[in-house]
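Annotation comment: TrEMBL describes 45-74 as region 'Disordered'. If you look up TrEMBL, you'll see 54-68 marked as compositional bias 'Polar residues'. Among the features that TrEMBL reports, transmembrane segment is placed at 113-134, 166-190, 202-224, 244-264, 384-409, 429-450, 506-527, 547-570, 576-597.
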Amino acid sequence: MVYLKVKYIIFAVGQWLLVQKSEIPCLPLLVCTVGYSLLSMPSTPHHQAAPHTEATSTHNSPNPTNDADTAPKDSVVLPAYSTEDKYEDDPWNLPELQDNGLKWSELDTKGKVLRVLTAIVKFILLVGFLYMFVCSLDVLSSAFQLVGGKAAGDIFQDNAVLSNPVAGLVIGVLVTLLVQSSSTSSSIVVSMVSSGLLEVQSAVPVIMGANIGTSVTNTIVAMMQAGDRNEFRRAFAGATVHDFFNWLSVLILLPLEAATGVLYKLTKIIIDSFNIQGGNNAPDLLNVITDPLTDAIIELDKNVISDIATGDPAARNKSLIKIWCKTEKITTLVNITVPSAANCTTGALCWVEGNKTLTQINVTETINLERCNHIFVYANLPDLAVGLILLALSLLILCTCLILIVKLLNSMLKGQVAVVIKKVLNTDFPFPFGWVTGYIAIMVGAGMTFIVQSSSVFTSAITPLVGIGVISLERAYPLTLGSNIGTTTTAILAAMAAPGETLANSLQVALCHFFFNIAGILLWYPIPFTRIPIRLARALGNRTAKYRWFAALYLLLCFLLMPLTILGLSLAGWQVLVGVAVPIVVLAIFIIVVNLMQARCPQYLPSGLRDWDFLPRPLHSMAPWDRVVTSGMAFCGARCCCKCCQSTDDEEKGFQHGPASLWNAFDTL
């Protein structure tokens, strides 16, 4: 008995060290190994049979009895607690996707062949749905540009507003939100800088805003997983960790840049120190695969937006929809009449014939050679109508592909496959090199984003994986940071291909974007305590999982209402902006400090501030608002959908055996 007690004590100490997450990684492992070895040793003589200690179900026993009464004294009984008890109710734990099917060793030859073929079919379907998902993101960006591209060009056209750093930041957010592409908004900024309409120093806040606006795509993707509460919790947190990183980085770096110009000066030194020569454009990797499909749907002339931003009056009447894909420009000398010889171009031939003064100028004429092949090339529709059609189509395909991808991943990532994948993606290197894992994840995120040439595509692709529990939030965070770096390296390569007269300005804007993300990573990643975006995203995930309508409110507030309000205050003047913003910021800081003190040291607060119960309940609780929203949605559903609900029994049966059978097919594959 003493021997058994010693074994139990050693094993329990090892488990307790694992639960407490000892700072010496080898110690819990060593103690658990010793304890497990002792528990595995038989306490009876070798010539006696060891007692059977595995729990058996009652249906396997002809006379089921109480295990406690029949168990021998020397049988091994595990401690009453385990390392999983502490976390079993934690919704942030990665779910264990159990495989309820037969093991590989239990299958016959036919079963093994069928399983291999099923896995191949699933993989092909997964690749196909992922391809359609990426293409739908591209079409979604084109749809937003058709709907709001000219408005984005008009916003950029007001150079006086862009000189205000706060207004420039908000304009960067709104324009990127309208065109759904930070690359497009950055190229507009580069065009304005190259044409002399905007200084590089004024362009830095716009680039910061573009960094924020591009993160809305994966937030929209996360909302497609609202059906399952825990999946939605993880997916929305995995998407909004990007938002919080960008907002917090801007909160620190925008005032610093406005006061010191550190990013502008750093990139200026780099540009002036090196004799940078133009090179090739960024290589087309993913576009080679997706362009055949997306170009068959729609092709846009993105120069129209840049021309509007740079003040070209003729661009306002042009359509963004590209009609002629192959053109040729011919420049010829043309004789024109001018009022007098003083109006002749310097260096050009000028002569007088009778009462007319003539001169020669170069006239460039564009000859259309070949039409495009997309489906809207012959459609006589305005840009807004085509944009709305593509918006509805792309959102439908996006949602459908995302649902099918999640279903396929849930059916594929089970059993041993899920264990291996989760270990590869979420396990840190052994002590003392565990800190290296996050930086490798940053490099992986940068490399993958460079390959797909879009941070929106990469972050939107990992969001469903975070939702179903394949990638943890702690691992998704460095992948997202790497994605921010990857998209800037693509922009740097694109800037290197700029003409000689615009190379320096284009490259300096791209370098400002790069160093902004590097500075943000240095602020919010190296020290674990500073990884505030993870904690904020986790809190927001809990909130949106409880009140799912709050996700839509978050999108409207952070990416539309708040930027529009700040832009309006900026247009009214910096005095108005400061007069309104400062009291709001002071109130927000006061609320944050009081909340922290209520949670950690309420004894130092006055009795009236130890809770918020003195306020009306809608000001400190979401429950009243939830009742209003829920009742409103119920009323709308009852009024608007009553006709749809009045269907015959045959129709109901057909619906139940229609779409439901599709989901069941993926579950049973």
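From the backbone N, Cα and C atoms, a Cβ is placed for every residue, glycine too.
Are these features on the surface or tucked inside, and what are their neighbours?
Same-chain residues lying 6 or more positions outside the transmembrane segment (113-134) and placing a CB less than 8 Å from one of its CB atoms are 104, 107, 286, 289-290, 397-398, 401-402, 404-405, 408-409, 411-412, 452, 457, 460-461, 669.
Counting only same-chain residues 6+ beyond the ends of the transmembrane segment (244-264), those with a CB under 8 A from a CB of the stretch are 165-166, 169, 200-201, 204-205, 208-209, 211-212, 215, 477, 480-481, 484, 508, 512, 515-517, 519-520, 523-524, 532-533, 536-537, 540, 558.
Long-range Cβ contacts of the transmembrane segment (547-570) within its own chain (Cβ-Cβ under 8 Å, at least 6 residues beyond either end) map to 161, 164, 166-167, 170-171, 173-174, 177, 213, 216, 219-220, 222-223, 226, 229, 232, 236, 240, 243, 247, 540, 576-577, 580-581, 622, 625-626, 629, 633.
Sequence-distant contacts of the transmembrane segment (576-597) (same chain, six or more residues past either end, CB-CB distance under 8 Å): 166, 566, 569-570, 604-605, 609.
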With CB pairs under 8 Å as the measure, which of the listed stretches 166-190, 202-224, 384-409, 429-450 comes out on top against the transmembrane segment (506-527)?
202-224
Cβ under 8 Å, sequence separation of at least 6 from the ends of the transmembrane segment (202-224): give me the contacting residues as numbers and ranges.
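For the transmembrane segment (202-224), the list is 137, 140, 162-163, 165-166, 168-177, 180-182, 185-186, 189, 192-193, 232, 235-236, 238-240, 242-243, 246-247, 249-250, 253-254, 257-258, 263-264, 398-399, 402-403, 455-456, 459-460, 463-464, 467, 484, 487, 509, 512-513, 516-517, 551-552, 554-555, 559.
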